[in-house]
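Trainee: The structure follows.
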Amino acid sequence: MRIVLVGPPGAGKGTQAAFLAENLSIPHISTGDLFRANISQQTELGKLAKSYMDAGNLVPDEVTIGMAKDRMEQPDAVNGFLLDGFPRNVSQAEALDVALKADDVKLDAVLDLEVPEDEVVKRIAGRRICRNDSAHVFHVAYKQPKTEGVCDVCGGELYQRDDDKEETVRKRLEVYHSQTEPIIDHYRAQGLVVTISALGEVAEVTERAMSALKQSDEG
Ligand SMILES: Nc1ncnc2c1ncn2[C@@H]1O[C@H](COP(=O)(O)OP(=O)(O)O)[C@@H](O)[C@H]1O
């Protein structure tokens with residue numbers, strides 16, 4: 001299956017993507033994770049990406065599209081993938097359409113995770129991530145001082161992403177509404193959009209997502 005996941009920052013895309021990718025036996029491709037890997041390895045791409053990310057802006061298409069395509073061309077992605085964070089604007093969606101067409105393949109679904117805006121701000125401000133695995137995500141109370149803890153799953157150090165500060169989150173939401181939301185219409189025109197609520201327990205949302213994807217596959 002070839003799936004695109006969309007939803008505002010804080011919708012739980014990364015968390016859900018990890019579970020869904022495992023259930024569906026396809027690789028989870030996250031452009032945010034690819035950028036963060038470049039940042040921690042201090043590559044040129046990482047340095048460039050960081051300046052945009054910390055401001056809550058999108059990294060320019062010229063570098064993002066090439067990076068995403070390179071990843072999708074890896075052998076593990078030949079029969080399917082779950083894209084998380086890409087495409088993030090209409091021109092990226094168009095570039096993806098062209099790339100898929102060239103390979104004579106199609107997307108199966110675009111899964112849209114819906115969550116109210118005040119919930120998103122609260123979730124992100126309290127979000128802490130494990131240094132060992134970005135799928136290990138934890139939450140502290142909203143507006144609590146940044147406390148360093150350890151990951152319940154693997155004992156790794158927890159940290160707050162630089163772009164998870166409240167001011168940056170507001171900017172990211174603005175960018176989401178102005179640049180990313182329009183891709184939902186782009187894909188709606190292709191009949192691919194499946195919308196589910198991202199509220200509730202993680203496992204509940206995964207179940208909701210799996211049954212929505214199954215229905216769209218049959219329908
Ligand atoms: N496809 C993309 N195009 C441009 N910038 C991107 C893309 N994917 C990720 N980024 C950059 O990485 C940041 C973090 O993205 P991500 O890890 O997906 O977090 P979230 O979904 O919580 O916003 C974005 O705010 C943006 O600066």
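Our numbering is plain: 1 for the first residue shown, then up by one each step along the chain.
Heads up, the Cβ atoms here are built off N, Cα and C, so glycines get one too.
Below are the features I grabbed from TrEMBL:
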type	residues	note
BINDING	Gly10, Ala11, Gly12, Lys13, Gly14, Thr15, Arg127, Val137, Phe138, Gly200	ATP binding site
BINDING	Thr31, Arg36, Asn57, Leu58, Val59, Gly85, Phe86, Pro87, Arg88, Gln92, Arg161, Arg172	AMP binding site
DOMAIN	127-163	domain 'Adenylate kinase active site lid'
REGION	30-59	region 'NMP'
Trainee: If you run the three-state DSSP split on Arg88 (AMP binding site), which class comes out?
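Mentor: Once the DSSP labels are grouped into three classes, Arg88 (AMP binding site) ends up as coil.
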Trainee: Taking ligand 1 as the reference and 6 angstroms as the Cβ limit (strictly under), which binding-site residues among Gly12, Thr31, Phe86, Arg88 are close?
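Mentor: Near the molecule: Thr31, Phe86, Arg88.
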Trainee: Between the Cα atoms of Gly14 (ATP binding site) and Phe86 (AMP binding site), find the distance and write it as a whole number of Å.
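Mentor: That comes out at 12 Å between the alpha carbons.
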Trainee: Would you list the DSSP helix, strand and coil counts for the residues of the region 'NMP' (30-59)?
Mentor: 21 helix, 1 strand, 8 coil
Trainee: Expressed to the nearest Å, what is the distance separating Gly10 (ATP binding site) and Arg161 (AMP binding site) at their Cα atoms?
Mentor: 12
Trainee: Using a 10 Å cut-off on Cβ-Cβ distances across all protein chains shown, tell me which of the binding-site residues (Arg88, Arg127, Arg161) has the largest neighbour count.
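Mentor: Top count of Cβ atoms within 10 Å goes to Arg88.
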Trainee: Let me know the model's mean pLDDT on the domain 'Adenylate kinase active site lid' (127-163).
Mentor: 81
Trainee: Using Arg88 (AMP binding site) as the reference point, find which of the binding-site residues Gly12, Arg127, Phe138 has the shortest Cα-to-Cα distance to it.
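Mentor: Given the candidates Gly12, Arg127, Phe138, the nearest one is Gly12.
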Trainee: Would you mind pulling the longest C-alpha to C-alpha span across Thr31, Arg36, Asn57, Leu58, Val59, Gly85, Phe86, Pro87, Arg88, Gln92, Arg161, Arg172, which the record has binding AMP, in angstrom?
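Mentor: Overall maximum Cα spacing for these binding residues reaches 24 Å.
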Trainee: If I take the alpha carbons of Val59 (AMP binding site) and Gly12 (ATP binding site), what is the distance between them in whole Å?
Mentor: 21
Trainee: For Phe86 (AMP binding site), write down the residues of its own chain that are at least 6 apart in sequence and whose Cβ falls under 8 Å from its Cβ; none is a fine answer.
Mentor: Val4, Ile29, Ser30, Thr31, Thr64, Ala68, Gln92, Leu96
Trainee: Identify which of the binding-site residues Gly10, Gly14 has its Cβ surrounded by the largest number of other Cβ atoms within 10 Å, counting every protein chain shown.
Mentor: Gly10
